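TrEMBL lists these features:
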DOMAIN    1-395  domain 'Major facilitator superfamily (MFS) profile'
TRANSMEM  65-87  transmembrane segment
TRANSMEM  93-111  transmembrane segment
TRANSMEM  132-150  transmembrane segment
TRANSMEM  156-177  transmembrane segment
TRANSMEM  198-219  transmembrane segment
TRANSMEM  239-257  transmembrane segment
TRANSMEM  277-297  transmembrane segment
TRANSMEM  303-324  transmembrane segment
TRANSMEM  345-365  transmembrane segment
TRANSMEM  371-389  transmembrane segment
Amino acid sequence: MAWITALCLMGDSMLYIVLPLHWKEAGLESLVQVGVVLSVNRLIRLPLNPIVSRIYRYITLRQGLGIAFVLAIITTASYGIADSFLFWIGLRALWGFAWSLLRLGGYYAILDLQTERNRGQLFGVYNGHYRVGSLVGMLLGGGFAELLGLRALSLLLAALALCGIPIFLKMLPFAAIRDSQDEHATERQSTFKKNKLALFKTNGVLSLLVTALGSALIFEGMFASLLSNYIENKQLTATWLGFTIGGALLSGGLQAMRWGWSPFLSPYVGRLTDRKFHAIPMIAINLIASWILLLAFPLSMPLAAWILVTLGILLCSTFISTLLDYLAASVAARQEGDKRDVITVYSITLDLGAALGPVAAFWIVENVGFYPIYWGSAGVFIALSIYWFRRNQQRSKPTESMKQNSA
């Protein structure tokens with residue numbers, strides 16, 4: 001299932017490298033329009049996620065992924081012929097629907113398979129493997145955008161996705177049970193409407209959602225969409241074997257490294273949470289590391305040092321993403337009623353942050369500059385790290401009391 005998602009994700013990931021640099025070729029008129037185009041697929045998912053959640057009560061997982069697979073190929077190929085802002089809006093909205101089918105389908109499948117001993121590893125494997133699609137999309141986008149142009153590159157990625165049809169047929173030979181066939185389906189259909197306010201009162205839900213919003217806003221929204229533009233603006237180039245590595249290739253290479261280590265690092269982080277370490281202190285530590293690195297990111301420094309800082313930020317992003325997914329599944333497991341409600345709201349929150357990020361980032365750049373983005377992001381993570389550090393201390397107190405009583 002993760003590999004199907006990876007094939008669908010290639011075209012979307014390519015745009016985050018290519019569009020901020022080749023927006024005139026794409027028929028756009030400003031960087032603000034670029035931000036809107038990169039955000040609209042996430043904005044459309046805010047109302048779509050509850051609808052897709054309901055759709056999955058009546059169709060199988062195979063059917064949902066099949067629809068998403070076809071839509072992903074159509075939208076990726078169409079990126080090469082889009083020549084107006086409205087055309088781009090329509091394509092990105094269609095991709096948003098496809099991604100809702102993919103993302104929620106994956107989460108729901110893991111919810112059905114998870115136990116206390118494999119929850120982290122399942123999310124780690126899923127997150128790590130589907131991001132290989134981002135790796136391929138960003139590498140091809142960074143390496144071939146100047147050579148091929150947006151049109152040819154889009155058709156190439158669509159053709160690669162088409163080659164995945166045998167994989168789809170082989171890896172998903174099963175038909176998942178529809179929720180409508182469950183004896184509790186009627187009761188579940190009204191759960192989200194009745195309990196969406198009570199859901200926020202569940203222990204751990206609100207803090208999870210606030211952290212997910214901040215993380216998605218900064219990592220998936222601002223940082224990812226702005227990196228190639230930042231490199232180009234600051235004229236950060238590298239020379240390797242006599243060749244000059246420009247903004248698109250440097251940005252694509254850096255972000256591709258993140259997706260390259262994800263298949264190995266994400267499952268490892270998941271296993272740590274399953275067997276050895278609690279997720280809460282790990283979240284606190286990574287938030288602290290994130291704000292330190294974000295404070296340093298826009299400062300003047302040698303290129304090698306700047307690359308290390310950037311890789312550190314991307315590394316923290318991988319850790320936090322897997323840890324929050326694990327925490328969301330843990331909270332869902334404790335939820336009375338339909339466990340999918342927590343995952344649906346969590347997914348909406350991630351989409352909200354990731355949608356607002358590019359629009360906010362490009363607006364701030366055009367009106368203020370780069371420094372407020374990265375230092376403001378550091379401020380958000382400082383506040384979140386203080387909260388999670390205190391929460392970890394509160395979590396540790398009962399354990400210490402039990403040890404003293406037993407002594």
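Placement of Cβ uses the backbone N, Cα and C atoms for every residue, glycine included.
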Looking at the stretches 65-87, 93-111, 277-297, 345-365, which one shares the most CB pairs under 8 Å with the transmembrane segment (303-324)?
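Ranked by Cβ pairs under 8 Å, first place goes to 277-297.
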Give, as a single whole number between 0 and 100, the mean pLDDT over the domain 'Major facilitator superfamily (MFS) profile' (1-395).
82
Please work out which recorded stretch in 65-87, 132-150, 277-297, 345-365 has the most C-beta pairs separated by under 8 angstroms from the transmembrane segment (371-389)?
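Looking at each of 65-87, 132-150, 277-297, 345-365 in turn, the most contacts to the transmembrane segment (371-389) are made by 277-297.
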Taking residues 6+ outside the transmembrane segment (345-365), which of them lie with a CB under 8 Å of any CB in it?
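Counting only partners 6 or more residues beyond its ends, the transmembrane segment (345-365) has Cβ contacts under 8 Å with 31-32, 34-36, 38-43, 45-46, 49-50, 100, 103-104, 107, 196, 199, 205, 208-209, 212-218, 220-226, 229, 328, 372-373.
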Using a Cβ cut-off of under 8 Å, list the residues of the same chain at least 6 residues beyond the transmembrane segment (65-87) that approach it.
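Result: 1, 4, 7-12, 14-15, 26-29, 33, 36-37, 94-95, 97-99, 101-102, 105, 150-155, 157-158, 161-162, 164-165, 168, 172.
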